[in-house]
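Going by TrEMBL, these are the annotated features:
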- CYS261: active site (ACT_SITE)
- HIS318: active site (ACT_SITE)
- ASP341: active site (ACT_SITE)
- ASN381, ASP383, GLU429, GLU434: Ca(2+) binding site (BINDING)
- 253-344: domain 'Transglutaminase-like' (DOMAIN)
Amino acid sequence: MVAFLKKLNNTDHRTDLNDVDRLIVRRGQPFTISLYLRSGTYQPGVSSLNFIAETGPQPSEQYGTRASFGLSANIDTSRWSAAVSSPPGDMVALSICSAPDAPIGRYTLTLGESGQIEFILLFNPWCPGDTVYMDNEQSLEEYVLSQDGIIFRGSAKHPIPTPWNFGQFESGILDICLRILDMNPKCLKNPGKDCSGRRNPIYVSRVLSAMVNCNDDKGVLFGKWSDDYEGGVSPMFWRGSVEILRNWDTQACQPVRYGQCWVFAAVACTISRALGLPCRVVTNYLSAHDTNSNLVIERYVNENGEPIQSREMIWNYHCWVECWMARPDFKSDFNGWQASDPTPQERSDGVYCCGPIPVRAIKEGELMFKYDAPFVFAEVNADIITFMKKKDGSISEVNNTTVVGQKISTKSVNSDAREDITHLYKYPEGSDEEREAFKKANHQNKLLHRQQNQGLHLTIKVTSGMRKGCDFDVFAVVTNNTESEKKCRLVFGSCAVSYSGILGENCGFKDLLNVELSPGAERRVPLRLNYSKYGDKITGDNLIRLAALLFDYTTNETTLAVRNIVLENPEIKVRILGEPKVNRKLAAEITVQNSLPYPLENCCFSIEGANLTGGCVISELGSPVGPGEDAKVKMYFTPTHSGLRKLVVDFNSTKLCHVKGYRNVIIGK
């Protein structure tokens, strides 16, 4: 008879949050089982025992999915090994260790004639012999064990933290993640070779990048970037990865509708952490989408400064993930964070996936490295050239100060604060190092000596308190830095825009034919944005694009200033009533104020939190919420584990759409 000691082993291997009803261990780290002998006693040096560890449908020593080994005097953590760790007797305590480069997945371990045990093997970032090893306990707590986090959205001027429940230890999620690996086309075509590849985190992260989207396979999410979400739900609806993964699993691997970049990235982060890969979600503001790999984004506007839509766009922000691993295929300088993007944008080797590529390679302009370095490099460091198409068909270049790749952000370790990691991706804009990176990237179309109009300076200024439902002013500010009087034409417009750069309808427009400025003078031109005009035009992203176009009559030069603004949703206030204790009912009071000028109907709160709610909890409000009134509910939970937990709260109505808030709860024993 064999005793698995599952609770002891899972706790030791930091997998006890999955469950303690089965054996889940990490590679390169010993685990213990007890073997009760039917007859006789174990005699050191006399008794023998052979082991066979197998994974996948076609176990093979050639592929590394089958390992045979016997008892040794001591555990060898560099390979599959076993040793006795108890005194002689009719009960033998066996210490068993997998190789630190063994394929992850489901295993069967045969113990001579004594029977078989089944277990799940994961990556082990606590093991120095594992290529995902991370030598920082606080970082491991954040990037492997933390079940909730923050994803930054909004704009470069106003990053907005959005809470997310990754929930990688929730019931059934690990099994779903393993099923995702099994459903990838490479596994369906050659399961033996695919299971062998699961020893390599580079391979696994690339498979996940393809499988989180459904463009080429039975992937998890269907992406959609329009306002029509018929047949599914808006990406704004999701508060965490758990419901998405469970829906995919229960719906026979049919894609869940719908996702956008932060949802794709969050689900990829959940799967990575579940499998033992240290992972974090990264947001790149003003992110370029380069379709022809020339590292230049060519944009066009008409004579009103209105953009002409094209495939090459600047996303207001874009999210991807980074996974931590060594890159034995490169020099050691390129170990560490590797960028991987599951949002389907361009094909890589014929498949919609991207990465992993060392973040350091992007910074240094090493575009020959695998995988997809030119595309990621362009996302954070492409140059922008803007042209104006005139009515007569002529085209002229417009001075433009827009810079891509700003405020690259991720959640800080042990804090909900934003950590700016731009310096990991790029040298300071315009520095010698940044220019050298462009040369190394063989960037032939760089305009090294672009002339900037220093005489007239154009910027867009905004005020604080730009809340959805309110009227407010934005300003085009023109400064004359020359010693002569200037006469100009100023076109100042606004339109709704999605975070991916898709343009919507006009929200306000002003055309001043004669703007006069004396030397050194500054002129502030206001544009009033009325809720009655923009309210039904903006998407759930709450984004408005502002564009100011300045024509200098004396020099015939044109200057363009562009800025995206994000409107604030009302704040959800979460108040914990009483002291949180494990296995004791906990009350939370949740309040949000209606900031719109009309009543909100069909309102509900949705609450989710790992080890708090046991899944999503929904509370519907029976009556409308009038302008300026508070929507309020009281919810009850029973925490099942101690420690820091995050309540993610979502408010939805037919008019206000989705508003999110969160509250950290520290639960005592």
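For all residues, glycine too, the Cβ spot is worked out from N, Cα and C.
Caution: TrEMBL annotation is automatic and unverified by curators.
Annotated features, which come from TrEMBL, shown on the structure.
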{"residue": "CYS261", "record": "active site", "contacts (Cβ under 8 Å, 6+ apart)": "TRP315, TYR317, HIS318, CYS319, TRP320, THR343, TYR499, SER500"}
{"residue": "ASP341", "record": "active site", "contacts (Cβ under 8 Å, 6+ apart)": "SER209, ALA265, TRP320, VAL321, CYS353, CYS354, GLY355, ASP372, VAL376"}
{"residue": "GLU429", "record": "Ca(2+) binding site", "contacts (Cβ under 8 Å, 6+ apart)": "VAL403"}
{"residue": "GLU434", "record": "Ca(2+) binding site", "contacts (Cβ under 8 Å, 6+ apart)": "ASN381, LYS426, TYR427, PRO428"}
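Regional average pLDDT for the domain 'Transglutaminase-like' (253-344) in the model is 91.
Applying DSSP to the domain 'Transglutaminase-like' (253-344) sorts its residues as follows: 18 helix, 41 strand, 33 coil. Of all the recorded positions listed here (HIS318, ASN381, ASP383), it is ASP383 whose C-beta has the fewest other C-beta atoms within 10 angstroms.
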